[in-house]
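A short worksheet on the structure shown next.
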Amino acid sequence: MRIILLGPPGAGKGTQAKLISEEFSIPHISTGDIFRANIKEKTPLGIEAKRYIDNGQLVPDEVTIGIVKDRLTKDDCDNGFLLDGFPRTVAQAEALDEFLKGINKELDVALLIKVPEEFILERMTGRRVCTSCGASYHIRFNPPKIEGKCDICDNELIQRKDDTEATVKERLEVYSKQTYPLINYYKDNGIISEVNGTESINEVFGNISNILGRDK
């Protein structure tokens, strides 16, 4: 089973990716993780990627594609994989398809977790983190017993910079510009499947499992 996981920031992709990986015994491949691994191991591609990152630049497609291709040749990908964070553009999607075709494989499904913008804004801007122990809360879904105070250590709770409304809206705008053409690309290829990401974790995973069961 070869899967692409798509969805906006705050859609719960990380949670679902872990569940899918465990249920279907395939590696969860996050581009962020493999970038960090290559940089840590000082591979040629990792060194090149670090140069762009250190200068505050986007890593070019050819470097990103090279790192992903290298990861997909590992033995644990023989029976499938779950890609999270790649591809981000149609050019990357085309390069991935070309690579898979070269090894007589193809994608089975592109899973899109759909969540309305207002739901994501509420989910992300409501998050709070303890400045001391790192415990996580949500002002609506998982509030602390005392407002602004950690239940565990009684220290202050803060909103991370990534979770401010302005930052979240900016991330959603970038996602829309990048990903809508990608969604249309996979629709044209007939492999996109959509799930409602506003439901509970178990309900979302149940719907995903039904889709993946059909596509086996």
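Easy rule for this one: first residue shown is 1, then count along the chain.
Using the three backbone atoms N, Cα and C, a Cβ is placed for every residue, glycine included.
The shown structure was predicted, so the numbers you read here are calculated from the model rather than taken from an experiment.
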Binding-site annotation, Swiss-Prot, ATP: partner of Gly10, Ala11, Gly12, Lys13, Gly14, Thr15, Ser136, Tyr137, Glu199 in Arg36, Arg127: Arg127
Swiss-Prot annotation of region 'NMP' - which of the ranges 30-59, 60-89 it falls on: 30-59
Span of Thr31, Arg36, Gln57, Leu58, Val59, Gly85, Phe86, Pro87, Arg88, Gln92, Arg160, Arg171 around AMP - largest C-alpha separation, Å: 31
For Arg88 (AMP binding site), the number of other Cβ atoms found within 10 Å of its own Cβ: 18
Number of other Cβ atoms within 10 Å of the Cβ of Cys130 (Zn(2+) binding site) across all protein chains: 20
Neighbourhood of Cys133 (Zn(2+) binding site), C-beta criterion under 8 angstroms, separation at least six: Cys150, Ile152, Cys153, Asn155
Neighbours of Arg127 (ATP binding site) among the binding-site residues Thr31, Gln57, Val59, Phe86, Arg160 (Cα to Cα, within 10 Å): Arg160
Secondary structure composition of the region 'NMP' (30-59) [DSSP: H/G/I, E/B, coil]: 22 helix, 1 strand, 7 coil
